[in-house]
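Structure first, commentary second.
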Amino acid sequence: MEGDQGAVMMRRKLKLIAIVGPGGIGKTTLANLVYQKLHGQFECQAFVSVSQKPNVKAVLSSILCQVSQLKYENFSSWGEKEIIDKIRDVLKDIRYFIIIDDIWDKPTWQLLKCVLIDNDHGSKIITTTRNMDVAKLCCYSDDVDGTIQIQQPLSVADSEKLLYHKVFHNERCPPQLQGISQKILKRCGGLPLAIITIASLFANRQTQTEDHWNSDYIIDRDDLIWRWIAEGFIQPKQGTILYEKGERYFDELINRNLIQPICIDVHGKAQACRVHDTILEFIAGLSIEENFVAILNGQCSTSDLPKRIYRLSLQNSKDDITIPDATERFSHVRSLWQGIDLKMPLSGFRVLRALDLGDCSSQNIDNIGNLVHLRYLRLRGTHYNKLPKEIGNLRFLQTLDIKRTRIKELPSTVVHLTQLMRLMVDTWTKLPNGIGNMECLEQLSEIDTSMYPSLMKELSDLPNLRVLEILISTWEQNKEEQFLDCLGSMKKLQIVHIFAPDISLDFMLNKDWTLHELQKLTVGVRRESEDIFKLNPLSGWAEFSPFSILPRWINSSLTNLSYLSIIVKKLQQKDLGVLGDLPALCSLYLSVTGALKERLMIIGHSRGNGQAIAFQCLANFNFTSPAMMLVFRHGAMQRLQMLSFCFQLKETKVFHSDLDMGLENLTSLKTVHFRIDCRYARLWEVQAAEVALRNATNLNLNSPTLDLSKHFERLMYWDGMEEIPEMKIFKEENVGIVKIGPWGGNRGRRYDIEVAPHHLESIRVHSDLAVHSFEFEYSDRNGQKHVAGPWGGYGGSNVHMIQLESSEVLVEVSGTFGRFAGFQNIITSLTFVTNTQSYGPFGQREGTPFHIPVQCGGRIVGFFGRAGWCFDAIGIYVNPDLQTIKDKGKVVLAKIGPCGGKGGEACDIMVPPHHLESVTICSNIVIHSLTFSYNDHNGDHHLAGLWGSHGGSNQTIQFGPSEFITRVYGTIGSYNTPSDVVTSITLVTNAGCYGPFGQENGIPFDFPVQGNGSIVGFFGHANLYVDAIGVYVTPSMGIRREEENVGLTKIGPFGRRGGNPFDIKVTPHQLESITISSNIVINSLAFSYISHDKQQHIVGPWGSGGESNYTIQLGPSEFFVKVSGTFGPFGEFPNVITSLTFVTNTHHQYGPFGQGGGTPFHAPMSGNGSIVGFFGREGLCIEAVGFYFCAL
């Protein structure tokens, strides 16, 4: 039943799936497929592998880097608890998706689960393990809603298909090999890894492969290839490039299933790999047998090592390893992988060729210049702040990687490294003069041109440069020609990345280049610019574009260009023709910052040759623009498999009436990804767009996979009857700002500010008998001043200017609203009170009064409202930063009020509230007492009250786990007391309305909360009655719906505001049946539905029994698409539900039930969807009804 407490608790728990099965059965593959498909639906995500002998600290560090999207310099000085605390701080208020792969034992899980905070945001966890006991521990916990997925071996038929496809490239086996194939399959036992490994040995000659990385360690492709080069595994051959030869070796290992590809780019090329633990066991045994690599991990002594060691890996030890200084066994080491400190000078490794000190900063490198045979040096992620000048002695060095270090300048001796092929530095690292002497250099990244004035001249002297990454942070016009000549002279360039924030590169537009070897080109603002949703929300669409139009040198002469990522301000039809003529283009990331007013057509043939195919190789297309304005014609992009669109719905609706893009014409399409910016669009527009995009995708005969994500949904315009607000989104400085109000009428246009306020500077009011216009100036947190207004008309003979002193802050606003010159409810007067004096009243005090005092040192820092011919409504922004209630610097609350009389004793709470659990109100004619319970930020429970006395009837409101108060209003009047008391209270939540309690007599008061804020507690005055009431407001509600609520809309309720609210507690997915009891009106309502976990829920009956019952039993594919009815007077009630009618997708009508009469209503639904549940208010009959609508 609906009231079952267990169901409520289940909804709050973190959801976890544990995949369990033996090694090689495909657990990781399944988890990775799920991750690739779903990770874009979450605000942050992480995928980590644990392995049999885990380095838990490294696993935790990887989680932190992935969920925070930050690159921390070094974790060596951090403890596990510190990393866990940082992860929990990141995850506490966001929806996340984490996969923890290959957990071997219970203690490891007990430690890792500490980071998995349950924040009631619909987060998801997947674990994989070989151990059923570990799987049970993951799932059978009070903290999670867990499910165990037992991975089964492949069936005989599927095993045959896999083997035959890998070996023979079809699903048939030659007759002469049937016998041996069946023996192999029987031996493999349905394990996919065993089958594909054996299959690879059939298809290729067996090659022995060795490695010295941890199990499941992510191995970067480039690092691996350059290490092979350093150790001489890749020998030079006339006419071949060593790196390209290494790429072929890497691909061969993947083809033979000896390594697993990960981080696969749009070309299908793996950027990294890892080794499955089963394969690693084989490799490790072979390595020991051949004495290829030795591993020190604290679990074996040095005496167990062979006498001669050629490759040494230090890993997985909690303590540093101390080795005698003069040991002969290390004199032959050629490769050293050092993840921890080795208490031995590096000079003992006399023939060392490859040295990796990544993330290990304690090793002394002062004598590194003595390692004269060194070819590979990696210091990435360390705390080293300088290199010794003896680095110049390493004449054979080929790779130097110092990214993410603290090195700000390279020594001048670096230019003596004439064999250096790969130099990896950060933009803040200054290079010495003479880089042009390093003629073997093939890769140089990432250089800030402003820190190297002679860079362009010296780059021209590097004939072998293949990869160049530069940042242009500042620019001088006299360097333009030099820059152009430099790029044009580097004939071997294959990969170029140019990042130019706030710099125009239009001087490059008309240059004619012949970069025939160019394969990959990126011209952007910064590395993250491809994803506008990860940038500042204000600058997302207004991002500076390096190019105003497409450069002339991007044309069909770039015969090898396979990847292009570029940002332009304007795109024209002819530009699409130019891009379509690029013969090798496989991936195109095209961003347009300016919204186009006309649609552009993508056609199937080349502009220069009507018989040639345009975009003949394009497999991946990512298009970003404020307005969706591309249309695919018949024959367009015939090889396109992956399509991604990112656009703003508001801009699209301004210029285009529909979202028809011609997706049915893309004959090879497999995946479509739509990313919609929902800012300032109406709710129904977003729902309609979602339906239209799904329908457009369904028209494609390939049935492509659709991934649709919506962003900035909180900034949608929810009231479809009003206009879209003109305001822009606040910048990130608005954390802690509370939005209260507005008070006044509903006419006029909505006005708001663009940048979060920090300090109010001045106010200007135009008034006579009312307030005609309102204007103010404020400063933001950066000290920048902003002017808002004037909001209103041109009337008002009196102009009042309030100039606040530097230490003066506004703490109270009061006034009245009422009739004026034929207008209902406009602001008729305003009074402002600061910490030093009072200003006003401005206007004439007539109409309904309102009063907004701010407590606890908080201050009013800005305003919003509505205005037309006059100033219609006013709301306030409160900054609670000044001496506000804080708990360890984490809790920020605004204290608003109190409203009421001045009698009674002060009532307040001692511990800052975080979430209200329940409120009990004792009332009859007035409010006699108030009691409430709440949780603080630590989850501890607190009870406040009884404030007042017993004297009326008690009513308790128990809030659901995702329910929070968004508004409190009521009345204040006299009642046999010297001063006023609170006569009525009504509470409004995100789920419904409670009240009014008491009788609505006297002067009204109102505490509406805007944005993401919520009311979490109360204070005031009380004695025999509740004399005055105020509220605590938190800027962030901290509660979100679960994933299942996505696409679910709550419509209504329609009817009377009185009665007792009713609602469901578990998110509905499909309606099964509904039972209606009716006579003259709808007496009662009951229904059953299925939730997302396939559980049945029976709800009701709500109301009281009538004379006739009617049950509608829906079929498995039948659902309601329309509900209508009427509400009107019945007995003493002014409005109750008098009739209901239901229509299904099969066009069958049920009803009307009840006799009808009164005001008609219907659920304002648009697009495809169904009604899956109900809510409303009840008494002796159904007094109001609302609907849950689920978009299909």
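Every residue, even glycine, has its Cβ placed from backbone N, Cα and C.
Any TrEMBL annotation is an automated prediction that lacks curation.
Sequence annotations record features per position, and here TrEMBL assigns domain 'Jacalin-type lectin' to 737-880, 893-1035, 1048-1191.
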Summary of DSSP states over the domain 'Jacalin-type lectin' (893-1035), given as helix, strand and coil counts: 0 helix, 91 strand, 52 coil
Summary of DSSP states over the domain 'Jacalin-type lectin' (1048-1191), given as helix, strand and coil counts: 0 helix, 98 strand, 46 coil
Secondary structure content, the domain 'Jacalin-type lectin' (737-880) (per DSSP, counts of residues): 0 helix, 96 strand, 48 coil
Within the predicted model, mean pLDDT of the domain 'Jacalin-type lectin' (1048-1191): 81
